[in-house]
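Reading through the structure tokens given below for one structure.
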Amino acid sequence: MTDNATILQHVPVGKKVGIAFSGGLDTSAALLWMKQKGAEPYAYTANLGQPDEDDYDAIPKKAEQYGAVKARLIDCRLQLALEGIAAIQCGAFHISTGGVPYFNTTPLGRAVTGTMLVTAMKEDDVNIWGDGSTYKGNDIERFYRYGLLTNPNLKIYKPWLDQNFIDELGGRAEMSQFLIDNGFDYKMSKEKAYSTDSNMLGATHEAKDLEYLNAGIKIRDPIIGVAFWKEEVEIKPEEVTVRFEEGVPVALNGQRFDNPVELILEANRIGGRHGLGMSDQIENRIIEAKSRGIYEAPGMALLHIAYERLVTGIHNEDTIEQYRINGLRLGRLLYQGRWFDSQALMLRETAQRWVAKAITGEVTLELRRGNDYTIMNTESPNLTYEAERLTMEKGDSMFTPMDRIGQLTMRNLDITDTRAKLGIYTDAGLLSIGQGSAVPQLDNKKK
């Protein structure tokens, strides 16, 4: 490995090394191990509003106990909320099953963490970064991209890519014993049947038992929502009104929120009471291998449903089509760790300017269990939907029966062309005409 290598495979002795520190077993053992091997560890913890984290202030103190030269808590919640709203505005969600999307909550969290922690490291003149991502997953590439995008001089050192670390502390039991042997009363928590990663926007559950497709959502304990599949869990129908102004969610049930963080947390509470936004997805990782995840995102789901209702009531068909196509492409870029790449910024600007700016109004929904809901009302000064335009009742109309006759007559041109093409395909043996064919009602007579 040359001195110019970006990825370091051995402990950088005598060098400052920043580590994304969660306070869990892996990063605690890694920090102490690096310290003992001669590195100068600096710990950086991102406050992403994780629903399963009770005491953020205690995490940097723990890092210092394990040997961190300096430990900092970086509040990333506002930036994460803004990026989440941007994803809603752009429809940046490319993974879905049965119409229920995955809201890319982990990729959004990585975009914020990767840039904000490396920025904090630069302030401390720390130019080597490590995190807990494994070589088989998506995060190792996401953090790599965002880290180098933020600091072009950054070097990467991950203990989990260092064979010496793997040989000495290759598993949870070894890491726990290592901490105990060094005087830390670390009690290894009981392993769950799956792994969970979360932030304010949502939670991801994957790996272990969830790698097997015969293990479903029911083995998992929700951390944002409720187990709506359990009959004993009482969930009463609830109406909720969501208000947008120029594409930005500003109010829930008439209560305005100046802080987007507070709005998303309240949306989580409302949607979470019903288990809204939970999904089970099979997806393609960046390396093209398939993986399976179960996701929670009640607040994102609530905002997405209301936003798309206004989109369909305000914009024309071609704009909606382009919004959806661009959203699929942008969602994939986000998933790949390219949220701040030029091609992503181009797609984001298009949606946020020409789609989102027109989205002002209120949508009222009735939430029931899981993703079962009904849209009760839609109001907006910008609606192009007008019931009177296509009313089935007798009255004034914007066009007459004769107008429609003329419009239909013009269709004769392309119908004739289509019929001719089908004849060509039939003659070429690509189509068969008659019973059981793709076009059974057509004959092969040319008229």
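Cβ coordinates come from backbone N, Cα and C, glycine included.
Per Swiss-Prot, the candidate among Asp197, Asp209, Asp221 that belongs to the ATP site alongside Ala20, Phe21, Ser22, Gly23, Gly24, Leu25, Asp26, Thr27, Ser28, Ala46, Gly132, Thr134, Asp139 is Asp197. In this structure, the CA atom of Arg142 (L-citrulline binding site) is 12 Å away from the CA atom of Thr134 (L-aspartate binding site). Sequence-ordered, the extra residues of this chain that approach the L-aspartate site, with Cβ no more than 8 Å from the Cβ center of Thr134, Asn138, Asp139, are Ser133, Lys136, Gly137, Ile140, Glu141, Arg142.
Here the candidates are the binding-site residues Ala20, Asp26, Glu206, Glu283. The one whose C-alpha lies nearest to that of Thr134 (L-aspartate binding site) is Asp26. For the binding-site residues given as Ser22, Ser28, Asn138, Ser195, the lowest number of other CB atoms within 10 Å of the residue's CB is seen at Ser195. In this structure the alpha carbons, written CA, of Asn138 (L-citrulline binding site) and Ala20 (ATP binding site) are 16 Å apart. Put plainly, the binding-site residues Gly24, Gly132 were compared by Cβ crowding within 10 Å, and the winner is Gly132.
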